[in-house]
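Straight from Swiss-Prot, the features:
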{"type": "ACT_SITE", "residues": "His155", "note": "active site, proton donor/acceptor"}
{"type": "ACT_SITE", "residues": "Lys159", "note": "active site, proton donor"}
{"type": "BINDING", "residues": "Gly8, Ala9, Ser10, Gly11, Arg12, Met13, Gly98, Thr99, Thr100, Ala122, Pro123, Asn124, Met125", "note": "NAD(+) binding site"}
{"type": "BINDING", "residues": "Arg35", "note": "NADP(+) binding site"}
{"type": "BINDING", "residues": "His156, Gly165, Thr166", "note": "(S)-2,3,4,5-tetrahydrodipicolinate binding site"}
Amino acid sequence: MTRIAIVGASGRMGKVLVEAVCDNPDASLGAASVRVGSSLVGADAGEIAGLGKKGVACVDDLAQVMDDFDVIIDFTSPETTLELLALCRKEGKAIVIGTTGFSDQQKTLLAEAAQDCPVVFAPNMSVGVNLLLNILALTAKTLGDDYDVEVIEAHHRFKKDAPSGTALRLGEVVAEAMGRNLNECAVYGREGITGERDKKTIGFETIRAGDIVGEHTVMFATMGERIEITHKASSRMTFAKGAVKAALWLHGVAPGLYDMQDVLGLK
């Protein structure tokens, strides 16, 4: 039985993560945290998630309950994640990171921390999206430079970063398969008189509206035909179940930086 700590247990994703842990027979809810100074400190994490009492009182500092869990699941903010990584390095705990919006410098710090503790870092924990990555690599390699590539993503109005971490990862996979550097070929939105499309660019378009859980489409278009590969998530539980699967896989493995491709055996 793997004991899991949920960070941000009172948030939209946190509540779903608590439910996913409680629903998995191989996992148990070991700890739950909320914001520092929150009025929910001491409240039962199960009751916050609408599941009834689970016997786990929320804390605002996981360092207080280090003996109560084996793996952390975090879908909060880059700043919070880096603080948790420092704790994991010190205590030898494993962590599953679904947080997005990291800068290149923050990603470097994350990779350094993974030298001392096991880390699964993936912008999208769903099985479907991770299968999509493999499909995209094959498609991009086969089609090559004759096809224009556009990545279109849509999320709810509350999402703070754009493009989404998943969209950027989709773009990275396509760029790598085509022998390009995404940092050099990405175009984020278009406005005004832009001139003809540069053949080797990868375009990104972002939609933020309503309660859209997450939709991603990669378009490969040339003269005469267009291929669109799409993934649509209709529930956050899709991501939560993937995160719990990652936590179960991560428990007991050697320190290192892993992703969902490792968890799912797709590499």
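Placed from the backbone N, Cα and C atoms, the Cβ positions cover glycine too.
Feature map: Swiss-Prot annotations on the structure.
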{"residue": "Gly8", "record": "NAD(+) binding site", "Cβ contacts under 8 Å, 6 or more apart": "Gly14, Ser33, Val34, Arg35, Asp74, Phe75, Thr76, Thr80"}
{"residue": "Ser10", "record": "NAD(+) binding site", "Cβ contacts under 8 Å, 6 or more apart": "Val34, Arg35, Ser38, Leu40, Ile48, Cys58"}
{"residue": "Arg12", "record": "NAD(+) binding site", "Cβ contacts under 8 Å, 6 or more apart": "Phe158, Arg236"}
{"residue": "Gly98", "record": "NAD(+) binding site", "Cβ contacts under 8 Å, 6 or more apart": "Met13, Ile73, Asp74, Phe75, Ala122, Pro123, Asn124, Met125, Phe239, Ala243"}
{"residue": "Thr100", "record": "NAD(+) binding site", "Cβ contacts under 8 Å, 6 or more apart": "Pro123, Asp161, Ser164, Gly165, Thr166"}
{"residue": "His156", "record": "(S)-2,3,4,5-tetrahydrodipicolinate binding site", "Cβ contacts under 8 Å, 6 or more apart": "Arg208, Ala209, Gly210, Asp211, Ile212, Val213"}
{"residue": "Lys159", "record": "active site, proton donor", "Cβ contacts under 8 Å, 6 or more apart": "Arg208"}
Listed in sequence order, residues with CB under 8 A of His155 (active site, proton donor/acceptor) and six or more positions away:
Ser164, Ile207, Arg208, Ile212, Val213, Gly214, Glu215
Name the secondary structure element type, per DSSP in three states, that contains Gly98 (NAD(+) binding site).
coil
Validating a neighbour-count step here. Other CB atoms within 10 A of the CB of Arg35 (NADP(+) binding site): how many?
15
Other Cβ atoms within 10 Å is the metric here; tell me which of the binding-site residues Pro123, Gly165 scores highest.
Pro123
Number of Cβ atoms other than its own within 10 Å, given for Thr166 ((S)-2,3,4,5-tetrahydrodipicolinate binding site):
26
Mapped onto three states, the DSSP assignment of the residue listed as 'active site, proton donor/acceptor' reads strand
Among all protein chains shown, how many Cβ atoms are found within 10 Å of the Cβ of Met125 (NAD(+) binding site), not counting that one?
26
At its widest, how many Å does the recorded NAD(+) site span between Cα atoms of Gly8, Ala9, Ser10, Gly11, Arg12, Met13, Gly98, Thr99, Thr100, Ala122, Pro123, Asn124, Met125?
22
Shell of the (S)-2,3,4,5-tetrahydrodipicolinate site beyond His156, Gly165, Thr166, same chain only (C-beta within 8 angstroms of their C-beta centre):
Thr100, Pro123, Asn124, Glu153, His155, Lys159, Asp161, Ser164, Ala167, Gly214
